[in-house]
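**Q** Okay, so TrEMBL annotates it like this:
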ACT_SITE  B:Lys182  active site
DOMAIN    B:15-172  domain '6-phosphogluconate dehydrogenase NADP-binding'
DOMAIN    B:176-296  domain '3-hydroxyisobutyrate dehydrogenase-like NAD-binding'
2 protein chains.
Amino acid sequence: MTLHVENPGRSAVAAVIGLGSMGFGMAQALKRAGLAVVGYDVAPAAVARFIAEGGRGASTLGEAVRDADIVVSVVVNAVQTEAVLFGPEGIASVMKPGAVFISSATMDPAIARDLAQRVEALGFHYLDAPISGGAAKAAKGELTIMASGSARAFAAARPALDAMAAKVYELGDAAGTGAAFKMINQLLAGVHIAAACEAISFAAKQDLNLEKVYEVITASAGNSWMFENRIPHVLAGDYTPLSAIEIFVKDLGIVQDMARAERYPVPLVAAALQMYLAASGAGMGRDDDSSLARLYAQLSGAQLPGTIKA
Amino acid sequence: MTLHVENPGRSAVAAVIGLGSMGFGMAQALKRAGLAVVGYDVAPAAVARFIAEGGRGASTLGEAVRDADIVVSVVVNAVQTEAVLFGPEGIASVMKPGAVFISSATMDPAIARDLAQRVEALGFHYLDAPISGGAAKAAKGELTIMASGSARAFAAARPALDAMAAKVYELGDAAGTGAAFKMINQLLAGVHIAAACEAISFAAKQDLNLEKVYEVITASAGNSWMFENRIPHVLAGDYTPLSAIEIFVKDLGIVQDMARAERYPVPLVAAALQMYLAASGAGMGRDDDSSLARLYAQLSGAQLPGTIKA
C-alpha cells in the first residue's frame, strides 16, 4: 500500500472521532492496516474499551487530532460533525496543516458542501465520505464508501480508505455528491424496510406460512436487499438492534427536508417516515428497524413469531 | 414427463383462454411440450395469429374447452375469470367431467376461494395458480407459478404446469393461498417500482450522474429486483410497455381493498397507488410502469434522459 502522506517515511497517523459500533470497527481496521490510530469518543467508556483492545486513546478532541494526518469522523449526524469541527472544543483550530478530514456521517448534501468550504478555507482537505455496510463490515475493513472531494483530499485520505473499505466509489471532485448518493440509498433502504414489514405482517394477518413467503418472495420480482436481510429478524422474533428505528427517523427526515426544500414530492418516503415515527413513539425507537413489522402487527392483530404484544 | 390424465394413452388436451402477451407464450410452451392445444381469445385477431403460428384456434369458448382435460385461463382479472366460467357463454356448463381449470389471473384470495368452490361443486378441479415472470419467460415455459389446490387438481394440472413453469410453488390444498402469495409479491413489486422512480428522479433533480447512481445502488443495501430491472428503462428513456402502469393500478387496488376489508393499514401501498393513478390520469396508463419516473420529473422539473415533457 502506497501512503500518499506528507512524510512518506513513516506510517500515517489517523484519528478516529466517535467509537460507536461503526467507528470502533473502522479504528480497528485502520490499526490492522498499519496506521497509527488514536481513538476518541465523548463517552470515556468507549475510549477505555479501545485502549483495552490495544488501541491508543485520547481524552480530548484536541489531543486526538494533534498529530493526525487523517481525521476520520464517525459521528451520528451533521450537528455532531459541525461540533467536532467548529464547536467549543472544535478541531478546526488545532488540526495539522494539510490534514484531511473524512466525514462519514449521513447528512444533507448542502451541509456537506458548507462544511467542506469552511474546512478548506482553513487550509485542510475535506472528503465527503458516507459509509454503508454495518458494524461487521466496518470491523473487517470491508465498508462501501461513497466519496467525493478534491484530488488532494482523496490522495491524503487514501491510506484510510484502503484500510476501511472493500469498495470506494469516487463520485466527483465536489463535497456533497457523496452525501447525495448516500441519501438516495437511504431513501430506498428506508422505504424498502417499511414495505417489507408492511408485506410480511399482511401475510401474517392472512395466516400465510411466513417461512414460505420468505422463500417465494426472495426468489421473485418482489424481492429487495432489505427484505432478504431484515425479514429473518421478524421470522426469528429477534429485534436486537443491528440498525435502529431511530436511524431511519433521522435519515428519511433528512430526505424529506431536502425534497421539501427542492420542491420535490416524496410520497413514499413520507408514508414510510410516519411508520418509523409511530414505531419510535410506541417505544421501539432503539429496537431493530424490522420492528416496523411488530408495529403493523399491533395495529392489525396479526400474529408474528415471538411477538410480545403491547 | 408422466401425464396424469384420464386417458394415459394420448396427449393431454389443453385449452388456453386469453392469448395476450402471457397467454400466447404459455400456449406455445404447452404446444412445444407435446400437448394438444386449442387457443381462444375474445379478439379474433389473437386467435388468427395463434393459428398462423401453427396452433389450433377456436371461435367460441365452448368450442375451445369441449375436449380439454386442462383449461388454462390467462385473462386479466377476477371479473373476466368469472365471466369465462359463469358468464352467458361460460364454460362451466360445457367442460369435460373431471377437467381442471387453472386460473392464472391475479385476484383477491377471497374471490379465488369462491370461484374454486363453485367450480368444484360442478365436478371439476380448480387450481389457483397466479403466474409471475413476464412474456419472455411465458414463451420459454419458464414462468414462476404460485399454486394452491387439491391434490387431484395438482395431478390433473401437472402436464401443463411442467410445460409452462420453471418453478411451481405448491402452497397448500386450498384455493386462495396462491392468490394471497401473489398479492404479497405485487404489494412489494408495486411499492418498489414507485420507490425506484421516486429515487431516480430525485437523483436527477440533484443533477447526479444517473448511470453512476444505478451502479452504486445496485451494489448497495438500497437495491431491489425492481430497481435493477426497471431503472434501465428510465436511463434509456424507453417507456415501451413491458408491464403497464394500469397493471399496478389494478393490483395495488386489490391489495388496498383486501387490506381495508381486513382492517390492515397499508400506508406504503396507498402512497404508491396514488402515484400510479396520477400517472394513469396524466395519460401514461398504457406506458411502461417505469413511467412513474417521468411523472416525478414532470412534478418537479427534474430532467431525465430522453424525457418528453408534457
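Quick reminder: no glycine exception, Cβ is built from N, Cα and C everywhere.
Quick caveat, the model's predicted, so the values are computed rather than measured.
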**Q** I'm checking region-level scores; what's the whole-number mean pLDDT for the domain '3-hydroxyisobutyrate dehydrogenase-like NAD-binding' (B:176-296)?
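**A** That region's mean pLDDT is 97.
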**Q** As a test of the contact definition, list every same-chain residue at least 6 positions from B:Lys182 (active site) whose Cβ is closer than 8 Å to its Cβ.
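**A** Sequence-distant Cβ neighbours: B:Thr106, B:Pro130, B:Ser132, B:Met146.
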**Q** Just to be sure I understand, if DSSP states are collapsed into helix, strand and coil, how many residues of the domain '3-hydroxyisobutyrate dehydrogenase-like NAD-binding' (B:176-296) fall in each?
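**A** Split by secondary structure, the domain '3-hydroxyisobutyrate dehydrogenase-like NAD-binding' (B:176-296) comes out as 93 helix, 3 strand, 25 coil.
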